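As recorded in Swiss-Prot, the features of this protein are as follows:
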type	residues	note
BINDING	Thr176, Gly201, Gly206, Ile219, Ser220, Asn221, Tyr222, Pro223, Leu224	S-adenosyl-L-methionine binding site
MOD_RES	Ala2	N-acetylalanine
MOD_RES	Ser5	phosphoserine
MOD_RES	Ser14	phosphoserine
REGION	1-34	region 'Disordered'
SITE	Arg84	site 'Interaction with substrate rRNA'
SITE	Asp86	site 'Stabilizes Arg-84'
SITE	Arg125	site 'Interaction with substrate rRNA'
SITE	Arg128	site 'Interaction with substrate rRNA'
SITE	Arg132	site 'Interaction with substrate rRNA'
Amino acid sequence: MAAPSDGFKPRERSGGEQAQDWDALPPKRPRLGAGNKIGGRRLIVVLEGASLETVKVGKTYELLNCDKHKSILLKNGRDPGEARPDITHQSLLMLMDSPLNRAGLLQVYIHTQKNVLIEVNPQTRIPRTFDRFCGLMVQLLHKLSVRAADGPQKLLKVIKNPVSDHFPVGCMKVGTSFSIPVVSDVRELVPSSDPIVFVVGAFAHGKVSVEYTEKMVSISNYPLSAALTCAKLTTAFEEVWGVI
């Protein structure tokens, strides 16, 4: 489970000490709440088409993935390559660990293939191991929220669609795609003081296709994983906004 912290204070660890896999790390600066319609600079990332789906195995539920449940997927006529929750896990690690998030300038939403919309509390620290991540996603999808271990704070919660209802009014909404012929420098897309939404595909194959984006951009001459796309986005915003 998760536990809120009094503050993020780097320190030295002894050789055998391990970091907690799941807890809450408050941003250094106060931030606008998720879904706040007021302006103020921040990057909003939507992980679109995430493969987060539970399957019953015996008497328990597990997070469907291509490695453990290939036979189940094939039996139901589904492509095993589509069941890739690891893509969402890797992307969340990149986003939530970023200095941009620690500075209180990032908000993340996850929209799954099954049309479930998830809000990620900026104070959440994602589990490092995939097995623990899977367990928490199963809990989230069945109970609709994951709370901090020692308080009422919700670190992950299922919210109402559409995701566009949770964006600040009038903000730019940008989709990412390798198929766009002209490559854009992300730093040139960073607004000086306004919020902006970037949509990143959290799937193995295909392209982002949502109705609410106003433009599509390519940010590299090469195909990028979702996690690397997230890393390039947060790094560019950190450089322009002076987050070190």
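Every residue, even glycine, has its Cβ placed from backbone N, Cα and C.
Known features from Swiss-Prot, placed on the structure.
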residue: Arg84; record: site 'Interaction with substrate rRNA'; Cβ contacts under 8 Å, 6 or more apart: Ser51, Asn65, Cys66, Phe203, Ala204
residue: Asp86; record: site 'Stabilizes Arg-84'; Cβ contacts under 8 Å, 6 or more apart: Asn65, Phe130
residue: Thr176; record: S-adenosyl-L-methionine binding site; Cβ contacts under 8 Å, 6 or more apart: Phe198, Val199, Val200, Gly201, Val208, Met216, Val217, Ser218, Ile219, Thr229
residue: Gly206; record: S-adenosyl-L-methionine binding site; Cβ contacts under 8 Å, 6 or more apart: Gly49
residue: Ser220; record: S-adenosyl-L-methionine binding site; Cβ contacts under 8 Å, 6 or more apart: Phe178, Val183, Lys232
residue: Tyr222; record: S-adenosyl-L-methionine binding site; Cβ contacts under 8 Å, 6 or more apart: Phe178
residue: Leu224; record: S-adenosyl-L-methionine binding site; Cβ contacts under 8 Å, 6 or more apart: Phe178, Lys232
I need the least crowded one of these recorded sites (Arg125, Arg132), counting other C-beta atoms within 10 angstroms of each C-beta.
Arg132
Any idea of the Cα spread of the S-adenosyl-L-methionine site, Thr176, Gly201, Gly206, Ile219, Ser220, Asn221, Tyr222, Pro223, Leu224, as a max distance in Å?
17
Tell me the Cβ neighbour count for Arg128 (site 'Interaction with substrate rRNA'), meaning other Cβ atoms within 10 Å of its Cβ, over all protein chains shown.
15
In three-state DSSP terms, the structure that Arg125 (site 'Interaction with substrate rRNA') belongs to:
strand
